[in-house]
Ligand SMILES: C[S@@+](CC[C@H](N)C(=O)[O-])C[C@H]1O[C@@H](n2cnc3c(N)ncnc32)[C@H](O)[C@@H]1O
């Protein structure tokens, strides 16, 4: 895989570090030093690229840029409690579970779960998203509020299909596996289509980075693997989406926009 990177000249060292890290993940990073990366520059260079500027490392495309900005989540974290958060009830976060988030993405759900007490392993298979997560975690370790629970977050670069398979083979058990795979195919339900018109900038860029629906692995296999190693499997879905792997859950928590389907594997 190849990726373009624009960086402001003063961030040459950060670019070189990123280039070596991505080379380890088998991505060739082609760099171009730029005097100033501003909105106009991004509009004039709409193709997908990584960007390093005073905001740190971001992913840019179509004139927008985004990053898994964990610091921006702090106000939400401060409002969150075990009682108020549906995800906390679904994953029983009050019991400080060992938890694998097998579809890390921007890590926002895991950030909340780690804050509320879970020991989280975040697994992400996309190399660009993975380096964005690594960068964000390193930033969070410097933040006075976030650093207090960063030791509960571990990042793992892997495809969860093989990672979970390995845990099955080693007989390793965890309390919870959390799954939030990409949305179901557009034609699977109308509500998902409606929502996609309004997805936030972050989600729009995520959709550009990740494969098209047709070639996408929708995560059905993950449910089967997760059920072999976890006491509970929690699947986040858009509220009206079809069940993952067509399997009806043992319990559900319904929110306005999304729901959590719970599976309690027997034995
Ligand atoms: C909808 S996003 C998850 C969003 C996340 N819950 C959050 O709060 O930011 C789905 C992510 O799962 C990743 N993913 C999907 N299948 C995966 C697999 N088998 N192994 C690892 N990562 C996977 C995709 O690359 C994508 O980044």
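We number each residue from 1, going along the chain as drawn.
Placement of Cβ uses the backbone N, Cα and C atoms for every residue, glycine included.
A quick note: this is a predicted structure, and the numbers were derived from the prediction, not measured.
Database features (TrEMBL):
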{"type": "BINDING", "residues": "124, 125, 180", "note": "S-adenosyl-L-methionine binding site"}
{"type": "COILED", "residues": "8-35", "note": "coiled coil"}
### Task
Could you pull out which residues elsewhere in the chain have a CB under 8 Å from any CB of the coiled coil (8-35), counting only those six or more residues past its ends?
1-2, 41, 50, 52-54, 57, 127-128, 130-131, 134-135, 157
### Query
Which are the residues of the chain, 124, 125, 180 excluded, whose CB is within 8 A of where the CB atoms of the S-adenosyl-L-methionine site average out, their centroid?
101, 102, 103, 104, 105, 122, 123, 126, 129, 160
### Query
Where's the emptiest Cβ shell within 10 Å among the binding-site residues 124, 180?
180
### Residues that sit under 8 angstroms from residue 125 (S-adenosyl-L-methionine binding site) by C-beta distance, when 6+ apart in the chain
157, 158, 159, 160
### Message
Considering each pair of residues in 124, 125, 180, all listed as binding S-adenosyl-L-methionine, report the largest CA to CA distance in Å, no decimals.
### Response
13
### Query
So what's the mean pLDDT when you look at the coiled coil (8-35)?
96
